[in-house]
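Database features, via TrEMBL:
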- 349-361: compositional bias 'Basic and acidic residues' (COMPBIAS)
- 7-85: domain 'EIPR1-like beta-propeller' (DOMAIN)
- 148-326: domain 'EIPR1-like beta-propeller' (DOMAIN)
- 337-361: region 'Disordered' (REGION)
- 251-287: repeat 'WD' (REPEAT)
Amino acid sequence: MEDDAPVIYGLEFQARALTPQTAETDAIRFLVGTQSLKYDNQIHIIDFDDENNIINKNVLLHQAGEIWHISASPADRGVLATCYNRTCCCVLSLDSFVALGKSAAQLLKALETPSDSKVLTCAAVWRMPKELESGSHESPDDSSSTAQTLELLCHLDNTAHSNMACVVWEPMGDGKKIISLADNHILLWDLQESSSQAVLASSASLGGKGQLKFTSGRWSPHHNCTQVATANDTTLRGWDTRTMSQIYCIENAHGQLVRDLDFNPNKQYYLASCGDDCKVKFWDTRNVTEPVKTLEEHSHWVWNVRYNHSHDQLVLTGSSDSRVILSNMVSISSEPFGHLVDDDDISDQEDHRSEEKSKEPLQDNVIATYEEHEDSVYAVDWSSADPWLFASLSYDGRLVINRVPRALKYHILL
């Protein structure tokens, strides 16, 4: 099989939640959460054997509900968080039926069809079985194995809220700080007692007219991990986690709903966003009047954008047009001339104009368009163990693992 050939895995369930395992490990591992109303939902642990180009999987039951978002602890290989749907049903009491003169048959029908139901999106922290924490290159025999269950560590209590959009971990921490976005609230939690208890440390709320709701958020790896960016409607906001105060705001960042955002891992003021206007935009948070760069390569909503963890010129996007696009955004990367530079270097360029002529920034371009999916691509992400490998997930449950083209890989390295 060719080195750059994609590897495809079918979950047999609809799915839209994907994350790499981020705690230190040499194993290439992704976690995928399913969405099923009929069967128990599952988390598929996908271990990729790079030498043999095969996928090995283990399955964990997630009986709490449909999984809308999943994230892995950066410090503990066995701990993860999910956002999931839970339906609360309310029916009229027997006394109420008697008072209303209803018949027994009507009561039975009402019990079978709840008169009022409300779907809550909740969040919880879980631990997988110990034997599954490390990467494995051996899948259990499907004919004899049964799915194992997750251990519930704690709920991120959202009694006052009904819509938990996502959960993000402090990226460089000990796995004890976590943020959840619920309705119009940003909630900072401290995980205590081996993550068995979540204590609300601080919170902030969106102000304004209408029913404002967060759609996504990311924790910056810069500034000593004291900044978080969030998206709501068409707006991007930055928050200082020490004071839970707003530090910047990009209104009308997109023409329609913002779906996702990500921080450049090497440039502390740069972030990318994407949305329903089919665009991907790159921002310098020191000057938010207009984007630094805009991509318009997708033909439908863009659900996901991810910077490569090591080589920030490599940017992945996934869309409802069923395509995954790998872009080379080298002109606004930390290596615009093919070597590492910082903002101070760029500001000093006027003193070296003669040298600049021979060192023009490399050109941005689309590296590759991947069309292995037949349904909306809701998630894309890079492997934490191999910077040249990434996964994409479409709603029909198809997971595709791809690699950066070898020619580009060698060009970047050499």
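Including glycine, each Cβ sits where the backbone N, Cα and C put it.
No curator has checked TrEMBL annotations; they are predicted automatically.
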Task = Pull the DSSP breakdown for the repeat 'WD' (251-287) and write it out as helix, strand, coil residue counts.
result = 0 helix, 18 strand, 19 coil
Message = Give the mean pLDDT for the repeat 'WD' (251-287) on the 0 to 100 scale.
response = 97
Note = For the domain 'EIPR1-like beta-propeller' (7-85), the DSSP helix/strand/coil residue counts are 0 helix, 50 strand, 29 coil
